[in-house]
Protein chains: 2
Amino acid sequence: MNVIKTIKEMQQYVQETKLKDETVGFVPTMGYLHEGHLTLLHEAKRENDTVVLSIFVNPTQFGPNEDFDSYPRDFERDERLAKEAGVDVLFYPTVEEMYPNEPTIQLKVTKRVDVLCGAKRPGHFDGVATVLTKLFHIVTPNRAYFGMKDAQQVAVVDALIADFHFPVTLVPVGTIREEDGLAKSSRNVYLTEQERKEAPFIYKSLQKAKQRITEGETNPEKIKKEIEQDLRNHTNGRIDYVDIYSYPHLTQIDHLSGRIILAVAVAFSKARLIDNLTFEV
Amino acid sequence: MNVIKTIKEMQQYVQETKLKDETVGFVPTMGYLHEGHLTLLHEAKRENDTVVLSIFVNPTQFGPNEDFDSYPRDFERDERLAKEAGVDVLFYPTVEEMYPNEPTIQLKVTKRVDVLCGAKRPGHFDGVATVLTKLFHIVTPNRAYFGMKDAQQVAVVDALIADFHFPVTLVPVGTIREEDGLAKSSRNVYLTEQERKEAPFIYKSLQKAKQRITEGETNPEKIKKEIEQDLRNHTNGRIDYVDIYSYPHLTQIDHLSGRIILAVAVAFSKARLIDNLTFEV
């Protein structure tokens, strides 16, 4: 596995790769790899000749009161996991390499962001779109892999690629779950024993709602109330939001039809968990 | 010469070109080709295996009161000139092809734009940056050619490429001039006979100022006044601006050093002419 730290070397590497008519699969991350990332790498490996993993804790997607400095980092462990996953190139640039100058041009995401988790993180997706624009130009992948756990991020990347005609195919990868259905997350370790027993009901409530919709219920307010009731019946978590939108546009709908997302955030004592289902009605 | 009208075909074409390890030179234009464009094509031809010319009158770079609808178009003539210039691909998309949806993500140019001609065209360079981002993704050129006649546009493209690490080399091409020094422009035909005699003094005044700076003058205000006086002595045009900035940052400077631009706009009865010199002090 190559570890590349400069933009120039990375661009050179992929240029040579492409001359050999080899496809490049790209998994952009902020490191501290978990099973979700490994699944993305696995998919990238399966579909491409070359796999590039980037590890870059991107300062521009953190708000002023967010945890950029304390965001967990463990490069040695990540490097080992990447090697085991068959990554060909680990791109690991510094902040100075990625942001050498005060920018002249800003990216502003004007839709799909004022809902769900984005509503509480103004500017977050501007930073995500900015760093991905850079990374897509540096890695020039054929395919880029993102986890559906963060469905809103996938929606923003979808818009980024479409709006600017990036020659990149977005590959959304389904959420990886524990056997009892709980979406895998590094935050699950912060759950108490009791909360860990309750947490799978988040996914169960979403599945039940999907079932109700499949059976013909078309009123989003009714479904939202049912999910909320379900969560209250089975968990002691505080419901942060239960929302239903069109997907990937993330606009309000009065009547359930087309592709939709059911999304939930529940705050337990020391961990805020999110989960979602997207499907065609 | 291929005429390609869809993004998909264009992306396919350049992908195949690159597999042959051929370089792509790109000249983006709004059509109605003149000698300036032909010089860009000539340079692109000289330095690359394949030359792509785009003709697209980009609506997003016109203000609400500007002349998008009446902007001159003559595709047959352009096609003939492109063929004669040895263009390999003429990319000629419709507005619907380039802007199929209401955008989710906006580009905002926050520096280098509130001066010179940009000061009077709010949003103009946002549109330029947006369409070039699209075109760079569609054509994926190795080199992109822009005329220094529009030095501010070159400065914005320079920032666009640097900020987002586009794998594209910007090639600025010097302004083409008549024998008497007047910068070539489609607008020169609107000059009266008397104005046509006066107009070369724009370039002469810039050259004289450069000479004064080379000889040691470091005060920008003094130089500006001298250019203005020179223009008033030799033309009846109305001076729109005479400005001196750092280049390509286009920031105010108190003391002439480093790379600078001397830029002038003079309004004659039916034609507003611009010209500039950039050089290292």
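Backbone N, Cα and C define each Cβ position, glycine as well.
Per TrEMBL, these features apply:
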- A:His37: active site, proton donor (ACT_SITE)
- A:30-37, A:147-150, A:Ile176, A:184-187: ATP binding site (BINDING)
- A:Gln61: beta-alanine binding site (BINDING)
- A:Gln61, A:Gln153: (R)-pantoate binding site (BINDING)
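Known features from TrEMBL, placed on the structure.
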residue  : record                    : CB count, 10 Å
A:Met30  : ATP binding site          : 17
A:Leu33  : ATP binding site          : 23
A:Gly36  : ATP binding site          : 20
A:His37  : active site, proton donor : 23
A:Gln61  : beta-alanine binding site : 21
A:Met148 : ATP binding site          : 18
A:Gln153 : (R)-pantoate binding site : 22
A:Ile176 : ATP binding site          : 18
A:Ser186 : ATP binding site          : 13
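Here A:Gln153 ((R)-pantoate binding site) is positioned 18 angstrom away from A:Ser186 (ATP binding site), judged by their C-alpha atoms.
It is 15 Å from the Cα atom of A:Gly36 (ATP binding site) to that of A:Gln153 ((R)-pantoate binding site). Listed recorded positions: A:Met30, A:Leu33, A:His37, A:Gln61, A:Gln153, A:Ser186. Those with a CB under 8 Å from a CB in chain B: none.
DSSP assigns A:Met30 (ATP binding site) to coil in the three-state reduction, outside any helix or strand. Spatially, by CA atoms, the binding-site residues A:Leu33, A:Gln61, A:Ile176 include one closest to A:Gln153 ((R)-pantoate binding site), and that is A:Gln61.
If you compare Cα positions, the residue listed as 'beta-alanine binding site' sits closest to A:Met30 out of the binding-site residues A:Met30, A:Leu33, A:Met148. Across the structure, A:His37 (active site, proton donor) and A:Ile176 (ATP binding site) place their CA atoms 10 angstrom apart.
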